[in-house]
Amino acid sequence: MASGQKPKGLNKSCFLLIVIAGMERFAFKGVASNLVTYLTDVVKMSNSAAAKTVNNWCGFTSMLPLLVASLADSWDRYSTILTSSFIYVVGLVALTSTALSWARHPTNKISSSYLFWSLCLISLGQGGYNPSLQAFGADQIANDDELPSTKDEQKSNKKSLFFQWWYFGVCGGSLAGVTFMSYIQDTFGWVLGFAIPTIAMGASILLFWCGSRIYAYKQDDAISERPSRDIVRSIKEALSKLMNSRITLPNSNPGVVELELQEKPLCQNSGNAKGLKEEPCSGINYLVENGKVVLRLLPIWTMLLMFAVIFQQPATFFTKQGMTMKRNVGSSFKIPPATLQSAITVSIILLMPFYDALLIPFTRLITRNKKGISVTQRMGIGMVLSIIAMVIAALVETKRLEISRKMDVLDPKLETEVPLSIFWLLPQYILLGISDIFTVVGMQEFFYSEVPVRMRTMGIALYTSVFGVGSFLSALLISLVEYFTSSRGKGRSWFSDDMREARFDKYYWLLASLSVLSLVFYVIFCKCFVSRSSDMDNEN
């Protein structure tokens with residue numbers, strides 16, 4: 001069929017899976033967005049301990065896809081989604097039962113261990129569910145079974161369209177989870193607050209199963225029977241080869257983009273998948289080239305970690321800030337602090353359509369690029385915006401502390417909210433939402449497109465692992481800062497439980513400084529290793 005006869009938009013199965021992904025985000029955000037409040041108010045953890053717990057759990061949840069992705073690539077994605085979603089629901093049911101147990105017996109220590117294991121089950125289920133569902137959704141794009149980085153502009157645009165609509169759906173689910181569930185949890189209790197996400201996740205599984213007849217089930221004959229084993233061997237072989245050589249970009253043949261090895265077979269044989277299976281690429285070269293693909297992505301993966309660290313703040317310290325500020329709307333209603341996280345998703349939902357309608361045409365005039373800006377440029381812009389958000393957060397926190405100290409001078413025993421509206425936190429949330437449009441959507445497309453088709457679930461897992469390692473890095477930074485600011489007897493910790501003594505502003509300045517350093521290395525790497533291939537692609 002001629003390319004002009006292909007449907008320009010996404011098919012029904014893509015949109016169905018986007019809705020299902022939104023339901024999963026509703027369930028997850030309904031638990032994660034306000035978890036720090038649950039840990040401090042119900043479980044009675046300190047500010048730093050609760051923040052580290054949330055960060056470690058989010059990190060563990062985001063890292064698990066790396067371990068499960070090889071199973072999804074060797075097994076069919078449909079079965080992986082069903083199996084992992086069942087584990088997911090079991091974890092949510094267990095979490096709801098722990099909340100019920102805590103409501104009846106607040107000092108029950110058994111509930112603490114059940115809480116830990118229920119969160120682990122949720123992580124395990126999501127580890128297989130999210131990357132498999134997203135890769136399965138991308139598989140629904142018609143006639144898109146060739147290796148990535150295709151030269152067909154229409155297919156490339158359709159891929160970008162899918163990832164943008166996917167993130168739009170995910171943000172819609174996140175918005176509902178943050179706004180609706182934080183209010184339910186603060187007003188009606190945690191049992192109902194955890195039961196509703198459990199029901200939503202169960203409904204999404206039923207909806208996924210009902211759509212089985214319309215899905216496209218792709219069987220890639222070229223995929224190795226042991227992807228995980230091949231990946232390990234690839235990395236080992238690549239490391240041994242690269243000890244005495246450098247990974248360089250091609251300097252000739254401008255019609256070829258940087259990662260040409262993903263566009264076509266790594267050795268010369270039949271271009272179709274069947275031929276690849278019958279006459280497999282031999283020996284070490286195939287493994288070395290695959291290893292080069294993975295290793296080539298690691299520098300950018302590393303430089304995105306500080307962006308992920310910044311994105312741990314809304315669910316932890318931003319929320320704790322909001323708990324001390326004036327939250328009244330009217331005479332009686334108080335805004336749950338976690339609800340402000342919805343500003344991130346609202347800004348994404350409202351502004352993402354303008355990305356294609358306004359920003360892309362504008363940047364086309366400047367860059368002469370059909371796509372407007374490259375994926376790496378898109379991620380870089382988001383990193384800049386996240387740094388600005390942290391600077392604003394530090395300035396607002398400094399103002400909050402000034403007001404708090406003045407109140408402390410008037411009445412040291414007075415424990416009340418600071419007469420500073422919680423809406424002063426909105427700019428930092430909105431900027432993080434705008435940065436999300438650039439960096440997170442760009443990361444999804446980048447890691448999916450820059451790996452061979454046989455490793456696409458692994459590519460999505462690499463994207464989620466950025467936030468996993470970023471969460472662990474955030475917890476490590478909290479521990480280090482707490483050690484150097486409190487253990488030596490010089491003043492209070494930056495994360496003091498007394499919010500009049502806490503110095504979140506200094507922590508935000510630290511994050512902004514580290515992010516600037518990371519951005520500098522990111523720009524240097526993109527200039528040296530990526531921009532050349534982007535220019536070649538633009539000429540096409």
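Here the Cβ of each residue, glycine as well, is placed from N, Cα and C on the backbone.
TrEMBL labels come from automatic prediction, so no person has curated them.
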Range annotated as transmembrane segment - as stated in TrEMBL, picked from 35-53, 54-72: 54-72
Checking 9-28, 429-448 against TrEMBL, the stretch recorded as transmembrane segment is 429-448
Same-chain residue ranges lying at least 6 outside the transmembrane segment (190-210) that approach it to Cβ under 8 Å: 16-17, 19-20, 23-24, 26-28, 30-31, 34, 38, 42, 81-82, 85-86, 88-89, 92-93, 95-96, 99-100, 102-103, 177, 181, 184
At an 8 Å Cβ cut-off, counting only pairs 6 or more apart in sequence, do the transmembrane segment (165-184) and the transmembrane segment (338-358) clear the bar of 3 or more pairs? yes
